[in-house]
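Novice: If you scroll down you'll find the structure; I have some questions about it.
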Amino acid sequence: MLRPQLNPSSHTTTTSSSSSTQLFASSSCIASLRRPSSSSSSVVAAARRTRGQGSSRVVVVCASSSATASRGDSSSDMAAAAAVRVKAVATIKVTVGELINRSIDIRDLIGRSLSLELVSSELDAKTGKEKATVRSYAHNVDDDDHSVVTYEADFDVPSGFGPIGAIIVTNELRQEMFLEDINLTASDGAGNSTVLPIRCNSWVQPKSVGDEGTPSKRIFFANKTYLPGQTPAGLRSYRKNDLQQKRGDGTGEREADDRVYDYDVYNDLGNPDSNGDLARPVLGGNKQFPYPRRCRTGRPPSKKDPKSETRKGNVYVPRDEEFSPEKEDYFLRKTVGSVLQAAVPAAQSLLLDKLKWNLPFPSFFVIDKLFEDGVELPGVDKLNFLESVVPRLLEHLRDTPAEKILRFETPANIQKDKFAWLRDEEFARETLAGINPYAIELVREFPLKSKLDPAVYGPAESAITADLLEEQMRRVMTVEEAISQKRLFMLDFHDLFLPYVHKIRSLDHTTMYGSRTVFFLTDDGTLQLLAIELTRPASPSQPQWRQVFTPSTDATMSWLWRMAKAHVRAHDAGHHELITHWLRTHCAVEPYIIAANRQLSEMHPIYQLLRPHFRYTMRINARARSALISAGGIIERSFSPQKYSMELSSVAYDKLWRFDTEALPADLVRRGMAEEDPTAEHGLKLAIEDYPFANDGLLIWDAIKTWVQAYVARFYPDADSVAGDEELQAFWTEVRTKGHGDKKDAPWWPKLDSPESLAHTLTTIVWVAAAHHAAVNFGQYDFGGYFPNRPSIARTVMPVEEPVDGAAMERFLDNPDQALRECFPSQVQATVVMAVLDVLSSHSTDEEYLGGEQTRPWNSDAAVQAAYDGFAARLKEIEGVIDGRNKDRKLKNRCGAGILPYQLMKPFSDSGVTGMGIPNSTSI
């Protein structure tokens, strides 16, 4: 394994006597454009691609072979010299056709469309204030690359100006522009030139719309990292003011072109003004429903419920958090295509059934037709119901040419084995190598006991007995022996769901149980499904009911067993979507993004480390609040908890979420799936050796940890440097006290008091945003696209639930196949969820992957670059390791006849639904 070592004490700096070089002396990105002599090794030139939203441009980046650490001040007194000529080349991304080119009107003809001002890193020695900026207007120049527009400006920088530390940009056009980068080139008149690259990758608003949220001037700092205390004197106020602009003042409604980051509670999921049934409780800021915070929009309160926010218009996110044009186009095309596929059986269902959402599939043959033959698309006029399913798409459906035959892609697991969903072995295997590998846990005591109040919910002790389990284990050992040997495992959805059973059952066309599912680890390393317990708590009108189901050769019990598995799969689907996926990788991450942008300057090394791992997350979360998790949205219409779905995620946040166990090793230990062992690989001994998610995930965790440790060591040599970083401490304080304010006093929050604690905290954030999310997101269509394998909802109770409904029991005995299909999601529910999973599981064409070249750090410090090279190389190695494991027939949980290889932790992928690839961020 590559483990690049960084030496934070290295302070060698490339110097030059020319004034052009000294203009850029504050940057570690000094690049001599002269051809170096064969004996020179102090400057190493490298070409790399700038990180842009969907484009690539090659710029020259040069770094000292023993570069200055950001703590050091590499500036020097500027020798007396004549004014230096500096050329600026600004690259602007063309976003919609040739829109920017067409907008170059009279302002551009007279050369006043883009104002640039050079900012010195030094203060004026006489006044003690910032030096006057050097200003010039940029003019449009021809460029062979039609994806960008290039502007150039010339400056005569006076002697004594000092190193250039930043550039101020004013957009004098009538519309916003996406500024990719600015490259400054200084010449000394003797043929010597130096280059200072400045990363921008940001939307710059027109001067005409400037206000508190969208300032008319934007500052972009040179690609040089500084801890707050080492900021050059001439840049300190700029650094402070830029952060203040991003914080805003907490008032007013945010506009689409703002760049303000602030917090609010989840009070925008309901829509009480539209319909009283769509009112939802506020999540966050109260003891009943604690929750992370979201981005504040400032929309006015609801008329009927002042605590709720109105749901008008597009949900605000800061302008730089929006999708790139490429991402937006891909997302729209993917969504439209998927919804068209879902629309066919859904529209047919609505035409045939006045109950609309509740018509089951008439046969498994019809389900198969979705993938095999396709179905004919009805007219668009029959699809108006989609306005209530996936808002804002109907107009695109009208404009999209449709094929006469539409067909869902066959999910990968069904391609491998059409009947895998029926097998107990596959049910068990997917707890280790499916899309919710975070739910299974070790059985550590027996009998199984609930922590709920028995006076309310019934006896705490489970109905699963030792004798029953031992019978299913064929008496090879006792339960006591199995527990001591760590061979019993379970899915425990009992205490989480039981308090909501009667609430959910009061709703139409859904049901709920508390459930426990027990597995036995066999000698060949696979799991055997032993028993399922389903529980209905007591109510004022009925006593508690519970029953344990086991595999059976009896026809009736065999079908009851299949129905019990369908209920557990629906429980697992809800747990996965609401908790493992939404809560832990989307919702809990948004506060990190808000706090980082409010408290960490863009020249802060930790901001530069984290920024790639926040890409698109806020926009995706905002869209989820609009259509996915909102009242009457797809989750509520299609998953068992329905209107109580988000309440349940709040309960899970209260009872289960803690930052310290979001780290993969700690999560495995918490669930009993591993124990600490310094002699074992990764320092952990797994309870199940062939646990594909854990085995591959730990490789990724260690690679991230090694990279982050190296990066942190470059900037923080000791505990004092961490504790003394005021921006870093403010960031972490705000995460705890504001972003996760309902848990601010929890004792488990780590303290950032050493390089080690900082590296571990950052590794956890990167892991959750990248690898955790990839593990639970990009396999959703492969495992859930064929919904009998993973139904999102169970709609009918078990036929044997007491008091037994005689008519329902007769129908079950007469046609158990139909009874199972009636328990499954309806045609509308199933196909809409299939369409959504297809979108969620897909990589866009502009995806940026963990360790990819597009997200290489902009700080061109040679040691940082070497560490990143090692990180990228290690991830390539891991791909090979995973491929090898998937071909190893001894690993039966990932290799075998009809078994889908486990590839969700493979770092890289092509676009589309691939079942692999780890994007840098919580992205779809």
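In case you wondered, yes, glycine gets a Cβ from its N, Cα and C as well.
Annotated transit peptide per Swiss-Prot: 1-61, in sequence order. Swiss-Prot lists 88-218 with the feature domain 'PLAT', giving sequence analysis as the kind of evidence. The feature domain 'Lipoxygenase' is assigned by Swiss-Prot to 225-924, with sequence analysis given as support. Per Swiss-Prot, the feature region 'Disordered' maps to 231-315. The feature compositional bias 'Basic and acidic residues' is assigned by Swiss-Prot to 239-262, 302-315. As annotated by Swiss-Prot, Fe cation binding site applies to H581, H586, H773, N777, I924.
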Novice: What other residues of this chain sit with their CB within 8 A of the center of the CB atoms of H581, H586, H773, N777, I924, the recorded Fe cation site?
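Specialist: Going along the sequence, the neighbours appear as W582, T585, I620, V776, L840, T922, S923.
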Novice: When DSSP states are grouped into helix, strand and coil, how many residues of the compositional bias 'Basic and acidic residues' (239-262) land in each?
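Specialist: Summed by class, the stretch gives 9 helix, 0 strand, 15 coil.
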Novice: Near the compositional bias 'Basic and acidic residues' (239-262), which residues from the same chain, at least 6 beyond its ends, have a CB less than 8 A from one of its CBs?
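Specialist: Here the qualifying positions are 176, 203, 205, 209, 212-215, 219, 221, 228, 231, 295-300, 314, 316, 318-320, 593-594, 597-603.
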Novice: Across the domain 'PLAT' (88-218), what does the pLDDT come to on average, as a whole number?
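Specialist: Mean model confidence (pLDDT) across the domain 'PLAT' (88-218) is 83.
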Novice: Looking only at Cβ atoms, how many others are within 10 Å of the one on H586 (Fe cation binding site)?
Specialist: 23
Novice: DSSP-wise, what's the residue breakdown of the compositional bias 'Basic and acidic residues' (302-315) into helix, strand and coil?
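Specialist: Secondary-structure composition of the compositional bias 'Basic and acidic residues' (302-315): 0 helix, 1 strand, 13 coil.
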Novice: Indicate whether H581 (Fe cation binding site) is helix, strand or coil by DSSP.
Specialist: helix
Novice: Which ones in the same chain are close to N777 (Fe cation binding site), with CB under 8 Å and 6+ residues apart in sequence?
Specialist: I435, H581, T585, L840, S841, I924
Novice: Let me check the 10 A CB neighbour count of I924 (Fe cation binding site). How many other CB atoms are there?
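Specialist: For I924 (Fe cation binding site), the count of other Cβ atoms within 10 Å is 23.
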Novice: If you draw a 10 Å sphere around the Cβ of H773 (Fe cation binding site), how many other Cβ atoms fall inside it, taking every protein chain shown into account?
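Specialist: Step by step: centre on the Cβ of H773 (Fe cation binding site), count other Cβ atoms within 10 Å, giving 25.
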Novice: Within 10 Å of the Cβ of H581 (Fe cation binding site), how many other Cβ atoms can be counted across all chains shown?
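Specialist: Taking all protein chains shown, H581 (Fe cation binding site) has 23 Cβ neighbours within 10 Å.
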Novice: Let me know the DSSP-derived helix, strand or coil state of H586 (Fe cation binding site), please.
Specialist: helix
Novice: Please list the DSSP helix, strand and coil residue counts for the domain 'PLAT' (88-218).
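Specialist: Helix (H, G, I), strand (E, B), coil: 11 helix, 67 strand, 53 coil.
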